[in-house]
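Q: Below is a structure I'd like to ask you about.
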Amino acid sequence: MPIHEIRHPLIRHKLGLMRRADISTKSFRELAQEVGALLTYEATKDLPLENYRIEGWCGPVEVEKIAGKKITVVPILRAGIGMLDGVLRLIPNAKVSVVGLSRDEETLVAHTYVEKLVGEIDQRLALIVDPMLATGGSMAATVDMLKKAGCKEIRALVLVAAPEGIRLLERTHPDVTIYTAAIDQRLNENGYIIPGLGDAGDKVFGTKQKPS
C-alpha cells in the first residue's frame, strides 16, 4: 500500500504548532485547513491533463486543464470537517460525500451513523479526509462503503497516522494510497496517537477534550 509522509517544511512547521497543548480552537481549525490544502496539493499531483484552446489577451493560446477527472471529498465526521475547507480551496468543484462514524470508547470499534455519498461514485476519485489515522477502523469502514458503492480509486488524507492504523489499511485495503503529514510512534491504551494531536474533533469544534 503506497503511503506518503509529506515532509515539506511548511507542513512540518504547521504540524508542530498543532501539537501544542495550549493551542486555541481558532488556531487549530485554521492550521487543519492549511495542512489539508497542502496534502491535497500532494495527493493530486498525478491527475491527468489535457490541452485546450482559449482566447487570451493577445489572441488564441493553448492551455491545460484536468482531464475530466471527477472528484468527491469524503470527510469522516466529525473531525474530518476540520480539513474540508482546506481541500475545497484547491478543488472547489469537487462534490462532497459525508460519512459519520463514532468509535466505541471501550472496544474502539467504529459504528456508522451517517452515509451520504454523491452520485456517479463509480466514476470519481474519492479523497477521504480525517485528521487522525489511529486504529484505522473508521478509515477501513469508510473505504468499505465507497467500494461497495462502486468507487474504484480512493486516497486518504490524514494529519497524523499511527503504525497500527497503517497496518490495518495494508491488510484490508492495500490499493488505497495514504498521504499524511506525520507517522507517529504508537497508540496508547485508549487508542490515542502518541504524541499525536489529542482529540482532533474536540479541538476543531471547541468541545471538552477527553483524557487520553
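For all residues, glycine too, the Cβ spot is worked out from N, Cα and C.
The 5-phospho-alpha-D-ribose 1-diphosphate binding site feature in Swiss-Prot is assigned to R78, R103, D130, P131, M132, L133, A134, T135, G136, G137, S138, D199; the stated evidence is sequence analysis. Under the heading uracil binding site, Swiss-Prot lists I193, G198, D199, A200, citing sequence analysis as support.
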Q: Let me make sure I understand the structure: which of the binding-site residues listed (G136, G198) has the fewest other Cβ atoms within 10 A of its Cβ?
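A: Across G136, G198, these binding-site residues, the one with fewest Cβ atoms within 10 Å is G198.
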Q: Please report the distance from the Cα of G136 (5-phospho-alpha-D-ribose 1-diphosphate binding site) to the Cα of I193 (uracil binding site), rounded to the nearest angstrom.
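A: Answer for this pair: 11 Å between alpha carbons.
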Q: If you measure C-alpha to C-alpha, which of I193, G198, D199, A200 (binding-site residues) come within 10 angstroms of R78 (5-phospho-alpha-D-ribose 1-diphosphate binding site)?
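A: A200, listed in sequence order.
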Q: Ten-angstrom check, please: count other Cβ atoms within 10 Å of the Cβ of R78 (5-phospho-alpha-D-ribose 1-diphosphate binding site), all chains counted.
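A: R78 (5-phospho-alpha-D-ribose 1-diphosphate binding site): 17 neighbouring Cβ atoms within 10 Å.
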Q: What subset of the binding-site residues I193, G198, D199, A200 lies within 10 angstroms of D130 (5-phospho-alpha-D-ribose 1-diphosphate binding site), using C-alpha positions?
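A: Near D130 (5-phospho-alpha-D-ribose 1-diphosphate binding site) by Cα: A200.
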Q: Among the binding-site residues listed here, D130, D199, whose Cβ has the fewest other Cβ atoms inside 10 Å?
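A: Relative to the other binding-site residues in D130, D199, D199 has the fewest Cβ atoms within 10 Å.
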Q: How many other Cβ atoms are found within 10 Å of the Cβ atom of A200 (uracil binding site), counting all protein chains shown?
A: 26
Q: What does the structure give for the C-alpha distance between A200 (uracil binding site) and A134 (5-phospho-alpha-D-ribose 1-diphosphate binding site)? Integer Å is fine.
A: 11
Q: Taking Cα atoms as reference points, which of the binding-site residues I193, G198, D199 is nearest to A134 (5-phospho-alpha-D-ribose 1-diphosphate binding site)?
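A: Closest by Cα distance to A134 (5-phospho-alpha-D-ribose 1-diphosphate binding site) among the binding-site residues I193, G198, D199: I193.
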Q: When DSSP states are folded down to helix, strand and coil, where does D199 (uracil binding site) land?
A: coil
Q: Look up S138 (5-phospho-alpha-D-ribose 1-diphosphate binding site) in the DSSP assignment and reduce it to helix, strand or coil.
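A: DSSP assigns S138 (5-phospho-alpha-D-ribose 1-diphosphate binding site) to helix.
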Q: Compile a sequence-ordered list of residues in the same chain as I193 (uracil binding site), six or more apart from it, whose Cβ lies below 8 A from its Cβ; state 'none' when nothing qualifies.
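A: Set apart from I193 (uracil binding site) by at least 6 residues yet with Cβ under 8 Å, we have M132, A134, V160, A161, A162, D184, R186, L187.
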Q: Quick one: pull the CA-CA distance for G198 (uracil binding site) versus S138 (5-phospho-alpha-D-ribose 1-diphosphate binding site), whole Å only.
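A: The separation of the Cα atoms works out to 17 Å.
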Q: Including all protein chains displayed, how many Cβ atoms other than that of M132 (5-phospho-alpha-D-ribose 1-diphosphate binding site) lie within 10 Å of its Cβ?
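A: So the number of other Cβ atoms within 10 Å of M132 (5-phospho-alpha-D-ribose 1-diphosphate binding site) is 27.
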